[in-house]
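As structure tokens, the structure follows; a few thoughts come after it.
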Amino acid sequence: MSMDDDTATTPLLTSHKVKPAKLPPSIDDMIEACIGDTGVVQLLRAVFVAFAWAFDAQQVFISVFTDAEPRWHCAGSAGGNSSCTPAAAAAAPCALPSGGTWVWDRPARTSVVSEWALQCASPALVSLPASSFFAGCLAGGFLLTTLADSRLGRKKTLLASLVSMSAAGVLTALAPNVWAYAALRFVSGFARSVVGTCTLVLSTELVGRRWRDVVSVAAFFCYAVGFLSLPALAFALREASWRSMYFWMSAPCLCYAALLYFLAQESPRWLLVRGRTQEAVETLRQISSLNGSSSTTTTSFSTLDACSMREEAGASGGGVFDTLRMMSERPWANRRLAAIMVAAFGVGMVYFGMPLSVGSLGPNLYLSTTYNALAEVPSAVLSWLLIARADRRASVVALAASAGACSLACAAIPRGAGAARMAAELVSFFVTCTAYDLILIYAIELFPTSVRNSAVGLVRQAMVLGGVAAPMLVALGRERSIWSFGVFGLAIGGAGIFAACLPETRGKTMSDTMEEEERNEASCTSTTPMAKHSDSDRDLV
């Protein structure tokens with residue numbers, strides 16, 4: 001047999017078996033190698049960071065009590081007061097003549113409505129403080145979110161937000177009128193706009209990939225704790241001024257911020273992406289020591305230099321809005337962001353609007369709010385189960401549809417059936433809470449480290465945008481439920497459909513840069529064709 005024959009019989013595909021170029025290790029892989037398995041102490045530190053969500057919940061829902069319309073009764077006996085008849089008492093107190101014909105059940109100082117005589121004001125004025133708060137959240141989210149990805153980092157942004165939020169809360173307790181009160185609520189919303197985002201991103205970036213879901217669910221539980229503390233605090237201060245609630249809500253937050261300054265670390269992922277490798281190495285050594293992995297080889301730390309992404313993050317001279325520019329230049333990022341923000345808008349409208357509507361469902365505001373707060377606890381458990389075992393995309397679509405159906409049922413049930421309406425509202429809120437949690441986790445997994453905080457922040461702002469419209473709808477829904485629960489059901493059900501346009505992220509490794517995310521996406525989309533090509537190659541051989 002000649003050499004030509006040998007050449008002719010050599011499989012043609014052999015020349016195509018070229019080893020692909022070895023990619024540098026990702027930040028995720030290097031951090032896992034450096035810190036080892038997450039220990040108890042580091043896990044507790046991450047959970048302590050997640051506890052900031054408790055104060056975030058207090059800021060969001062405190063107006064349920066401070067801005068509630070108190071109950072009232074006719075002054076004197078029914079027979080001695082001809083102006084205040086049972087028929088008149090069924091209407092609003094502003095329909096009665098002034099001059100002692102009726103009185104509030106509790107002191108006027110217990111609510112802004114009774115203290116500033118807003119019972120006869122227009123729905124726009126009554127809802128102005130709550131709407132101002134959500135408008136502040138919206139403005140702060142767009143202006144401050146990118147700071148955590150660019151100049152300040154996760155920890156400093158979180159600390160600045162907590163301190164500013166607490167200071168605004170103390171000043172709110174000194175508001176002389178409804179206009180100053182609404183302005184200070186805007187400032188409070190502006191300050192807390194990035195608390196939730198920074199908390200969730202920082203806490204999950206301080207632990208290994210095995211514990212990220214656990215820390216995320218812990219943050220949701222902390223949010224439930226903060227929500228549950230509000231009816232307890234309001235009941236304890238039910239005879240005191242509404243100003244006391246703002247003070248006792250803000251003071252503990254300042255103490256927490258002081259402890260957080262000493263106990264929390266900066267995200268090593270963010271430090272590496274920003275090119276601050278030395279600080280990242282020191283942080284990782286500290287975490288490694290807490291995890292009992294001090295025997296980690298020096299080689300693992302020395303290779304961290306290869307993971308520095310200074311050019312992409314703009315560490316040397318990049319602007320504050322560089323992360324937004326990086327996303328806007330990529331069509332796939334725009335599509336993802338638009339779809340998940342639309343879904344988040346519908347979820348946010350129901351999530352922030354439902355607790356404001358409970359006053360129209362039952363006579364006991366404290367008990368009704370407690371039921372809503374308790375719904376956060378099983379929803380966190382369900383979120384954990386869905387995160388571990390179900391696809392993100394299908395879960396969000398199904399939850400949004402279920403919440404919409406229950407909300408529409410609440411609007412259809414007659415007002416006389418109070419127990420049935422309350423049950424429908426609780427189920428709708430429970431499902432909405434789960435969708436709220438899943439969308440935030442979904443957003444974290446959809447975007448890489450270099451833009452993650454900005455992307456998650458924009459998703460939260462879409463939720464807040466839904467919350468801006470909620471107080472007005474709640475005020476209109478006091479007369480006709482279709483304007484509150486009906487609109488809520490249509491909004492969340494319709495917006496949830498957009499989640500079907502998103503890629504599935506369950507089981508995927510978290511990317512660190514936009515280029516890495518594009519490579520991962522390309523490898524996922526080309527897996528099936530390559531598999532088919534390999535089968536045909538084997539047939540040819």
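Cβ coordinates are placed from backbone N, Cα and C, and glycine is handled just like the others.
What TrEMBL says about this one:
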type	residues	note
COMPBIAS	532-541	compositional bias 'Basic and acidic residues'
DOMAIN	42-507	domain 'Major facilitator superfamily (MFS) profile'
REGION	509-541	region 'Disordered'
TRANSMEM	124-145	transmembrane segment
TRANSMEM	157-176	transmembrane segment
TRANSMEM	214-234	transmembrane segment
TRANSMEM	246-264	transmembrane segment
TRANSMEM	337-354	transmembrane segment
TRANSMEM	366-387	transmembrane segment
TRANSMEM	394-414	transmembrane segment
TRANSMEM	426-444	transmembrane segment
TRANSMEM	456-476	transmembrane segment
TRANSMEM	482-502	transmembrane segment
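Counted as Cβ pairs under 8 Å, contacts with the transmembrane segment (482-502) are highest for 337-354 among 124-145, 337-354, 426-444. Using a cut-off of 8 Å between Cβ atoms, the transmembrane segment (426-444) and the transmembrane segment (124-145) share fewer than three residue pairs, counting only pairs 6 or more apart in sequence. Where the transmembrane segment (366-387) meets the stretches 124-145, 214-234, 337-354, 394-414, the count of C-beta pairs under 8 angstroms peaks at 214-234. In the predicted model, residues of the domain 'Major facilitator superfamily (MFS) profile' (42-507) average a pLDDT of 82.
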